[in-house]
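Participant: From Swiss-Prot, here are the annotated features:
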BINDING   C63, C66, C69, C113  [4Fe-4S] cluster 1 binding site
BINDING   C73, C103, C106, C109  [4Fe-4S] cluster 2 binding site
DOMAIN    53-83  domain '4Fe-4S ferredoxin-type 1'
DOMAIN    94-123  domain '4Fe-4S ferredoxin-type 2'
Amino acid sequence: MASLSGSISSLFLKEFVGAFFLSMRYFFRQKATINYPFEKGPVSPRFRGEHALRRYPNGEERCIACKLCEAICPAQAITIEAGPRRNDGTRRTVRYDIDMVKCIYCGFCQEACPVDAIVEGPNFEFATETREELYFDKARLLDNGDRWEREIARNIAIDSPYR
């Protein structure tokens, strides 16, 4: 009796017909994938991507060399050298380096910064061919900040109620 039931099932291709209708149900739904290099998905305002140093609107860098980001970094990826005090009593950095090979993108540096100088921006496309290109110096970080300032400021404004 079991062989008769199996023969009838295989004769009418029960599994094939069931799989076909299952495929057709998903065939007409909206696609869930994107064509990545040409299309990009939405990125959250809290996304932690490539690091950037920000400037004030007058062009002066925000970093006050307090070294809180260097102290809180669990991967010890940040190195800061502070310059001498200026006439107005403030300090600025002489050297600000981030070893992106060590960085774990935890965002602690951004949370610790009292003046929002170091931020993790929206850029996630910064692959390199050599490890040396992943050692960001102050000039590269400031350049990133200048390039992404509009989006960084918008993301910080959106996230401000939760900070």
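Indices start at 1 and increase along the chain as displayed.
Backbone N, Cα and C atoms are what each Cβ position is placed from, and that goes for glycine too.
Where in this structure would I find these features, and how exposed are they?
Facilitator: The Cβ neighbour count for C66 ([4Fe-4S] cluster 1 binding site), using a 10 Å radius over every protein chain in view, is 17.
Annotation for C106 ([4Fe-4S] cluster 2 binding site): same-chain Cβ neighbours under 8 Å, separated by at least 6 residues, are R48, P74, A75.
Per-residue pLDDT, averaged across the domain '4Fe-4S ferredoxin-type 1' (53-83), gives 96.
Panel annotation: around the domain '4Fe-4S ferredoxin-type 2' (94-123), residues 43, 47-54, 61-64, 66, 68-69, 71-83, 131, 134-138, 141, 144-145, 148, 151-152, 155-156 of the same chain, lying at least six beyond its termini, place a Cβ under 8 Å from a Cβ of the stretch.
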Participant: What same-chain residues lie close to the domain '4Fe-4S ferredoxin-type 1' (53-83): Cβ under 8 Å, and 6 or more beyond its ends?
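Facilitator: Long-range Cβ neighbours of the domain '4Fe-4S ferredoxin-type 1' (53-83): 90-104, 106, 108-119, 138, 141-142, 144-146, 149, 152.
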Participant: Just to verify a number: CA distance, C113 ([4Fe-4S] cluster 1 binding site) to C103 ([4Fe-4S] cluster 2 binding site), in angstrom, no decimals.
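Facilitator: Rounded to the nearest whole number, the Cα-Cα distance is 16 Å.
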Participant: Relative to the Cβ of C109 ([4Fe-4S] cluster 2 binding site), which residues of the same chain, six or more apart in sequence, are found under 8 Å away?
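Facilitator: H51, C69, I72, C73, I78, I118, E120 - these are the non-local Cβ neighbours of C109 ([4Fe-4S] cluster 2 binding site), listed in sequence order.
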